[in-house]
Amino acid sequence: MASATPAMSENAVLRHKAASTTGIDYESSAAVSPAESPRTSASSTSLSSLSSLDANEKKDEYAGLLDTYGNAFTPPDFSIKDIRAAIPKHCYERSTIKSYAYVLRDLLCLSTTFYLFHNFVTPENIPSNPLRFVLWSIYTVLQGLFATGLWVIGHECGHCAFSPSPFISDLTGWVIHSALLVPYFSWKFSHSAHHKGIGNMERDMVFLPRTREQQATRLGRAVEELGDLCEETPIYTALHLVGKQLIGWPSYLMTNATGHNFHERQREGRGKGKKNGFGGGVNHFDPRSPIFEARQAKYIVLSDIGLGLAIAALVYLGNRFGWANMAVWYFLPYLWVNHWLVAITFLQHTDPTLPHYNREEWNFVRGGACTIDRDLGFIGRHLFHGIADTHVVHHYVSRIPFYNADEASEAIKPIMGKHYRSDTAHGPVGFLHALWKTARWCQWVEPSADAQGAGKGILFYRNRNKLGTKPISMKTQ
């Protein structure tokens with residue numbers, strides 16, 4: 001990203017303005033009268049008028065749409081062809097050698113940190129127990145950062161952005177993700193489904209927001225009451241955030257939490273009688289899960305084998321060196337990895353400016369614009385390989401390797417115009433603040449109060465905390 005978006009008030013939309021990429025003067029072109037046009041026939045004029053009427057009708061169809069900040073919204077009107085054409089060809093090039101260099105760098109960071117702490121942060125060198133506790137706590141944070149970077153490399157493998165060779169990508173990703181207790185192929189397939197259905201209320205596979213009806217059911221309230229409930233207490237918000245950061249990732253793998261729950265529609269019939277939740281038959285470990293197709297079953301088994309080998313290795317190390325040591329060496333850093341994965345993914349897809357679409361109004365281009373870039377400073381750029389900084393372009397062209405994503409991201413901004421979203425204020429501190437802000441602002445989605453026709457199929461975040469655009473009042477309905 002070339003530059004951070006200037007800090008603005010909380011009610012402002014963080015957007016990049018459209019920039020013209022051609023030398024055409026659209027204003028002077030439009031000012032040419034039919035008589036001066038090279039095509040002066042009646043049919044030409046009539047077609048022009050019809051086109052203008054269609055455009056006006058289309059515009060009116062989406063009038064009255066407001067995001068959570070109260071900004072007017074219209075759906076994207078560019079095409080995926082426009083996006084792909086704007087990206088320089090060399091951005092698509094993948095280098096196996098360069099990718100492995102980053103793997104080695106991350107492994108070196110992990111091993112060097114372990115060596116230094118294991119050999120120097122000892123009772124002999126540091127007699128103070130409190131000081132050793134603080135230093136080993138720092139160790140868990142550092143290892144969590146480095147391991148998250150390695151996890152991101154595995155994510156690259158899942159998109160075949162690691163190498164032109166699918167075999168090399170999958171083998172590398174399987175090893176990396178298995179070591180981090182991630183079922184590689186299982187997650188690869190569900191993540192692919194997420195990319196294909198991003199922003200679709202019936203297809204998206206991750207951080208799909210609740211509808212007003214679902215939120216009311218969760219709270220045990222009538223739908224009409226939701227907008228008039230008292231404000232959620234900050235302590236409740238904080239506890240919810242802590243719980244999500246601790247167990248959000250394993251909960252997603254085991255129950256498909258935050259994914260869609262329309263499994264009855266699985267085309268092979270694998271979703272009949274299955275639903276999200278513990279014991280519901282929807283998870284990332286069972287080859288029969290409706291998340292997958294029958295042809296993918298053998299890869300789910302391979303993912304489970306990878307997890308089995310990793311768990312066996314951890315059990316051996318725990319018995320060999322002690323479980324207290326393993327808690328510090330592996331399991332606490334693992335919790336930090338969980339935290340970063342959930343935080344990054346949540347904030348990539350949740351923001352007061354972002355819409356969601358019903359099935360009838362969704363398409364791939366609109367879905368790709370349901371994402372936002374975030375700035376994590378040095379940590380995001382270098383340790384996390386830019387996964388939060390260039391997520392928008394990643395959703396349009398996922399095979400672009402992360403080391404080319406900055407240039408590709410800059411290339412598509414003029415095409416996306418106002419539909420490109422970024423929140424880059426205050427770096428890592430701003431990122432963590434965004435966790436709190438989105439939890440308070442983004443609680444469910446519903447249509448805009450003044451939406452008409454097709455516009456009712458475009459949903460925006462609302463909340464009970466009296467923040468931003470008010471929810472629809474149903475008292476008189």
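Any Cβ shown, glycine's included, is placed from N, Cα and C.
As given in Swiss-Prot:
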{"type": "REGION", "residues": "26-48", "note": "region 'Disordered'"}
{"type": "COMPBIAS", "residues": "27-48", "note": "compositional bias 'Low complexity'"}
{"type": "TRANSMEM", "residues": "101-118", "note": "transmembrane segment"}
{"type": "TRANSMEM", "residues": "133-153", "note": "transmembrane segment"}
{"type": "MOTIF", "residues": "155-159", "note": "motif 'Histidine box-1'"}
{"type": "TRANSMEM", "residues": "167-187", "note": "transmembrane segment"}
{"type": "MOTIF", "residues": "191-195", "note": "motif 'Histidine box-2'"}
{"type": "TRANSMEM", "residues": "234-254", "note": "transmembrane segment"}
{"type": "TRANSMEM", "residues": "299-319", "note": "transmembrane segment"}
{"type": "TRANSMEM", "residues": "327-347", "note": "transmembrane segment"}
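Remark: secondary structure over the motif 'Histidine box-2' (191-195) totals 5 helix, 0 strand, 0 coil, with classes taken from DSSP.
Each of 101-118, 133-153, 327-347 was scored by its Cβ pairs under 8 Å to the transmembrane segment (234-254), and the highest score goes to 327-347.
Look at the motif 'Histidine box-1' (155-159): DSSP puts its residues at 4 helix, 0 strand, 1 coil. Looking at the motif 'Histidine box-1' (155-159) alone, the prediction's average pLDDT is 98. Count of Cβ pairs under 8 Å against the transmembrane segment (133-153): among 101-118, 167-187, 299-319, 327-347, the largest is for 327-347.
Beyond its flanks by at least six residues, the transmembrane segment (327-347) meets 114, 136, 139-141, 143-145, 147-148, 151, 180-181, 206-207, 244-250, 314, 317, 321, 372, 374, 384, 387-388, 431-432, 434-435, 438 of its own chain at Cβ-Cβ distances under 8 Å. Counting residues 6+ beyond its ends, the transmembrane segment (167-187) has Cβ neighbours under 8 Å at 96, 99-100, 103, 147, 150-151, 153-158, 160-161, 253, 284-285, 291-292, 296, 299-300, 302-304, 306-307, 309-311, 334, 337 in the same chain.
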